[in-house]
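A.B. asks: According to Swiss-Prot, the protein carries these features:
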- 2-113: domain 'Response regulatory' (DOMAIN)
- Asp51: 4-aspartylphosphate (MOD_RES)
- 136-365: domain 'Sigma-54 factor interaction' (DOMAIN)
- 164-171, 227-236: ATP binding site (BINDING)
Amino acid sequence: MKIAIVEDDINMRKSLELFFELQDDLEIVSFKNPKDALAKLDESFDLVITDINMPHMDGLEFLRLLEGKYESIVITGNATLNKAIDSIRLGVKDFFQKPFKPELLLESIYRTKKVLEFQKKHPLEKPLKKPHKHSFLAASKALEESKRQALKVASTDANVMLLGESGVGKEVFAHFIHQHSQRSKHPFIAINMSAIPEHLLESELFGYQKGAFTDATAPKMGLFESANKGTIFLDEIAEMPLQLQSKLLRVVQEKEITRLGDNKSVKIDVRFISATNANMKEKIAAKEFREDLFFRLQIVPITIAPLRERVEEILPIAEIKLKEVCDAYHLGPKSFSKNAAKCLLEYSWHGNVRELLGVVERAAILSEETEIQEKDLFLER
């Protein structure tokens with residue numbers, strides 16, 4: 001197993017190198033910063049272990065640029081709940097706060113190694129379905145109230161802002177609103193503001209004419225135009241660069257765009273749904289988000305409760321995911337023991353549905369018996 005360690009602290013980096021030298025089945029390549037790692041990472045690597053707080057580029061931005069190509073583990077000396085949640089959102093398998101026992105990190109590495117080896121031996125005929133992005137897997141009183149609000153606003157053209165923690169299902173709600181609207185037969189286009197580098201975001205949204213910049217060898221339609229007559233979903237809207245917010249405000253108000261390198265405006269007919277897990281009042285007070293744009297986008301706010309407030313959904317979602325994974329990998333039927341079920345119900349799920357689905361998939365693969373035990377979940381309570 002080939003592992004990249006990205007750590008700016010030379011003492012920590014050397015300590016990990018020395019510790020892992022004792023493991024004959026692990027090949028370690030260390031980097032002092034994400035930039036060096038990005039230049040060298042290739043298909044031969046299986047796992048990336050990265051710090052978060054590093055100069056020039058932090059670990060979370062580094063992971064976003066990797067786009068899930070590698071399994072990942074985060075180590076940091078300044079852990080916060082928000083960083084842990086952001087890590088889960090980016091698909092990080094484990095999160096260690098310094099100082100930590102290297103033996104625990106090693107255990108996490110070998111769990112990941114076992115999953116990767118299993119997946120290589122049992123390649124899927126087709127990727128696991130992701131129904132959580134397009135439909136609701138379970139029901140609860142809190143969820144039904146949010147669905148009622150979404151259904152009511154779907155028949156209108158009002159802009160909607162979906163509020164809630166990362167992983168609660170905001171994209172599911174965006175699809176739900178689109179599917180129950182008069183625009184359902186037209187495009188639904190989603191764009192994550194934090195997933196596209198800032199220097200590319202404007203051209204992706206607005207499009208460009210030939211010659212607008214060095215690499216613009218042909219005209220390209222932007223996402224706003226592509227969504228015409230349909231819905232555009234602006235995920236993580238709070239991360240939109242400030243200088244682009246004024247341009248978005250004009251699009252929302254005037255329903256027209258101008259491609260880069262052009263002086264001619266184009267009318268568009270789109271419905272805006274945005275989503276965020278940020279405190280927008282704080283963003284506005286800090287002058288990181290325009291208040292006028294906020295009011296234009298949040299005509300109808302819908303708050304989606306976190307999974308820990310929708311406890312009755314946890315086991316149904318877990319059981320659906322467990323069956324899906326077992327069927328996909330031909331593992332035979334598996335179930336949760338009473339203790340495992342109790343653990344799932346009592347865990348806080350700061351990563352919400354996204355975290356739950358990942359935990360269940362890992363447990364299904366790693367468990368040796370037909371009944372998944374609490375120890376197979378690897379959840380700290």
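Yeah, the Cβs are placed from backbone N, Cα and C, and that goes for glycine too.
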A.B. asks: When secondary structure is assigned with DSSP, how many helix, strand and coil residues does the domain 'Response regulatory' (2-113) contain?
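C.D. replies: The composition, in the requested order, is 47 helix, 25 strand, 40 coil.
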A.B. asks: Could you please provide the mean pLDDT value for the domain 'Sigma-54 factor interaction' (136-365)?
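C.D. replies: Overall, the domain 'Sigma-54 factor interaction' (136-365) comes to a mean pLDDT of 94.
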A.B. asks: Could you give the Cα-Cα distance between Thr231 (ATP binding site) and Asp51 (4-aspartylphosphate), in whole Å?
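C.D. replies: So the Cα of Asp51 (4-aspartylphosphate) lies 38 Å away from that of Thr231 (ATP binding site).
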A.B. asks: Round to a whole number and give the Cα-to-Cα distance in Å for the pair Asn228 (ATP binding site) and the residue listed as '4-aspartylphosphate'.
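C.D. replies: For Asn228 (ATP binding site) versus the residue listed as '4-aspartylphosphate', the Cα atoms are 42 Å apart.
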A.B. asks: Out of Gly164, Gly167, Leu234, which of these binding-site residues is nearest Asp51 (4-aspartylphosphate) by C-alpha distance?
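C.D. replies: Closest by Cα: Gly167.
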A.B. asks: Please identify, from the binding-site residues Gly164, Gly167, the residue with the sparsest Cβ neighbourhood, meaning fewest other Cβ atoms within 10 angstroms.
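C.D. replies: So among Gly164, Gly167, the binding-site residues given, the one with the fewest Cβ atoms within 10 Å is Gly164.
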A.B. asks: Near Asp51 (4-aspartylphosphate), how many other Cβ atoms are within 10 Å of its Cβ?
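C.D. replies: 23, counting other Cβ atoms within 10 Å of Asp51 (4-aspartylphosphate).
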